[in-house]
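Colleague: Have a look at the structure that comes next, please.
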């Protein structure tokens, strides 16, 4: 064990295990999570070499192997709780996505949600037993965000009682679905339904794409891998071109909409239930932001505790780089954000489950707010985490660029969250649409509740000009900072709403007014989400009974809030929420907070409790022995399998005689 | 040719060729660059499949092959002008780094600069003819930034007139040098020189590491590849461990410092000449920032012109995504930055050559300013470009994640510039050291010149309190915006200097005061660099005679300046340079500028004149035929070499029977 990192742990002012238990939910949950993780870590079937040493085909192969074993073992162990399956799966694949993700996460769940009872009988058991391996084919080359314009068609032929599926253009080729390229033999295909000469919009169809015996593509099916990507090397994201592929009428998912044998069409009663899955996935991504950022912080902070460089004081030994203010200023706000997002992720998960309960009782009233919150927070947290991972990587200097640091893999695995399940700017605009609607309702005298209730107050504050409003912020008081974030959000929602109004007064259409206000609308959503995050962080503190843990998290919460103000100081000054002298005070206060956090930094990342196998980083090792491990890792690099690379004989040696 | 992109080109208000010539320097220079590029593009020896389809070993192999051929062809063609070699090389390797980079860029140049005439006779010709292939081994596992603490030793043994080289610890293993792992047979090794029992600090030694006949590592030498990295797959960055490796006395580079046969040491007369190379490389990196960003903008803007998605107005066809304000707001400020950095890069290159002339005449007076400017601008432009590449990638939606978009490669190839040749935060602090020194000189009444002359004015403004100063900005006038950036820089340099002073008054050491002011110091450097960039962009406009080109670049310069103000609005408000109502006006003005730029966006990226082979992006194709090309590319993916992947037979098929 590296002595520096030992000393860090000795100097911490709180008990890491207490905080870990809090993050897991309870001591028992921590125990069980570790138990599940150790099942994987101690399982010889899941030992593997670094995927970074393999070709893409080898990585795909290894992932299929692990997924197959995982499915058998989960059944053998009798692990069936969704959270426990998640722990196990995450540990097996070390955080990477895998070829069966869409089969398990989308194909099976879509069957459960949208198949009729008869269809469930036909398809579910074979799918559960992996005779049918499926994916969910929605996105096309030409359409991702705007799915209403998908071009693939399913035309009903009453004479044979079949649907005929076609991708009529290049842009209508299905593109991106995970597991589609090589793994799946079925796909749930989203297509425009035509029957009796009329289009009824998008519906879902179960389409066999490969032979169940030979796994060869079926007639009319062109299917393959879409090629190498930024990360996701284990996943065979695929393309699918359908040409006159016929499927039985019974292969349209018919729990809601139906096509009868004669071709007549029955509309679905409501689409609100499918809407829930989308919200759920976005809410979960908030938790992924927390995980990606907390992993990155664990690596960068542990490494900064054992790396010594340059000199602070002449003649003294080189300090730990964690002692540099510039390094603390990079990492500690991200550490604070990692905690903030962890709590926001927990809140989103809890809220989703609470509201789902209401929905099952027919009460949809809280769904719009949750939908808006999930969209905005998905964008807000993924953008922050995405940039934060790279800050952590660069805070490790050159060594952060090595794959063995773990940071390049974290980045490429995480960055797609900014785009999939709703492109972030589109998400911010969706949230803005909700905020502007609420703003208008409040102006019309409606009483709003939930996270947007501040828009009620906004109306009360309205008559008072900003400049005469007293400065509200006490920079040492978290509640006061929450209030400032709230008023900033209120102000920016108002600015966005007024921009829309102004554009409309120039007598342009609603749509153009919306487009011409995008800058203000995105800013409003961002401010709203920022407020919600600060608010939830502050709220979490009230639940913490352990005084040592409370104290250190309170410091982090203050840092998170004050750092966010300095990054957006123009907004706070503009809204009259801060005075110019206060801005300098905030910088001083932030410096004091960095000093307060410094002795607890390593303990704070230890509390996330990533074991070395999960973290898979030589820089983030728990024991701090980074250089030895890096050297051992490098020696195993494929280029070192021979002392002399074949290119020497082929090119370099012959070249000499020619020059 | 895609009709959308044709229309864009027809609607441009200026002639792209005129702007291209301006960027190249002249019409003749454009012609010659294209001529050199076409030599490569039409050369069958340089045709190759997408490197993303190859394993790392294959990529390394292909790069060695191309480098070997390149060296022969350059001699055959008689291309010897450094700029023309650069064009040719860049085109051969499509912007990727390659195994011989350090041989060509560091080994040969270090010989030229630091070898004695006798040493040049011995080593240069074999190195020129690639019998000796060398690298430059400075960084160690434990030390990158603080090279004074490198641990490798070279101890002189007078009895044999040899140096004995050792890497005494794990942390002293040489780590990172390009071409060291497999390619080089020599290395210039930086080591602590010991002679007659005394350490004389770092010196450079020519160390043979592999046998000239067999290419096997020599006795005492452990050498290999440091393993996969984030990008740079063509380069065999290496490790080198030396154990009692003996080299003749003549292998120490002795142009300046010398060790005589009896072991007595002669000091070098000055170290300022080696200092110049470092400044040169940093100045060149500014140009690389411009290239990376202009390539990324070319891809994202052309794709945004052909991609249609969602609806702006109900019932109308889906608009080009370039028509969304949110998309313009992401891309056009980056386009403006790409132009700004291009001009800054040209300025840095010109200035370097001008000052080198002075230095050769013994005048070092301008070197400190150039050194500070190169450090700061290297950090400022690489950080902006680094983040900007990712914004461009995400602006392409899902398809930006595919390697065929070209964007992942641009990112991983570029991002190391934030760390190598001086870690960016360290660079910012170096610039700050110069700025604070100048600030103090100005306070003491010295008259400063060059980019820091505004610190003279600062002293004149001093007595006047900020709040009573008239608001200076005219947001429609570039000269006024330059002035505002200048005053912001002056203000932030003052804040940093006062922070240092305040810390010192709390009677802490100079070094602690410096560390405790890092946040303010980095901000000051950032503001200084931002001012210089805006200033140079404005200055460039005065050189442009073509009115159409002038007009469109003026619009870009305004956008660059105003967008930078909104990102840092707190600073401008705090310094009293802007009023609150002006901030809203700036947002309106930015929107108007986006509208102005919109019809010229494609022509502005066309003017960078990247041919399709260099850009290597299906999304950025000149003809706009993106979907067809993407599909063709995907079909060539290695995973598609067989219809059924072997993992099906190995794992998936057997699994079914077990479940």
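Here the Cβ of each residue, glycine as well, is placed from N, Cα and C on the backbone.
Curation does not apply to TrEMBL; its annotations are automatic.
In case it helps, TrEMBL gives these features for our protein:
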ACT_SITE  A:421  active site, proton acceptor
BINDING   A:139, A:178  FAD binding site
DOMAIN    A:15-133  domain 'Acyl-coenzyme A oxidase N-terminal'
DOMAIN    A:136-245  domain 'Acyl-CoA oxidase/dehydrogenase middle'
DOMAIN    A:275-436  domain 'Acyl-CoA oxidase C-alpha1'
DOMAIN    A:477-655  domain 'Acyl-CoA oxidase C-terminal'
Colleague: The residue listed as 'active site, proton acceptor' to residue A:178 (FAD binding site): how many Å between their Cα atoms?
Modeller: 13
Colleague: Against chain B, with Cβ pairs under 8 Å, which of the recorded positions A:139, A:178, A:421 show up? Give them in sequence order, please.
Modeller: A:139
Colleague: Write out how many residues of the domain 'Acyl-CoA oxidase/dehydrogenase middle' (A:136-245) are helix, how many strand and how many coil, based on DSSP.
Modeller: 6 helix, 51 strand, 53 coil
Colleague: Using a 10 angstroms cut-off on Cβ to Cβ distances, just flag whichever of A:139, A:178, A:421 is the loneliest among these recorded positions.
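Modeller: Checked A:139, A:178, A:421; of these recorded positions, fewest Cβ neighbours within 10 Å: A:421.
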Colleague: Using DSSP and collapsing to three states, where does the residue listed as 'active site, proton acceptor' fall: helix, strand or coil?
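Modeller: The residue in question, the residue listed as 'active site, proton acceptor', is coil (DSSP, three-state).
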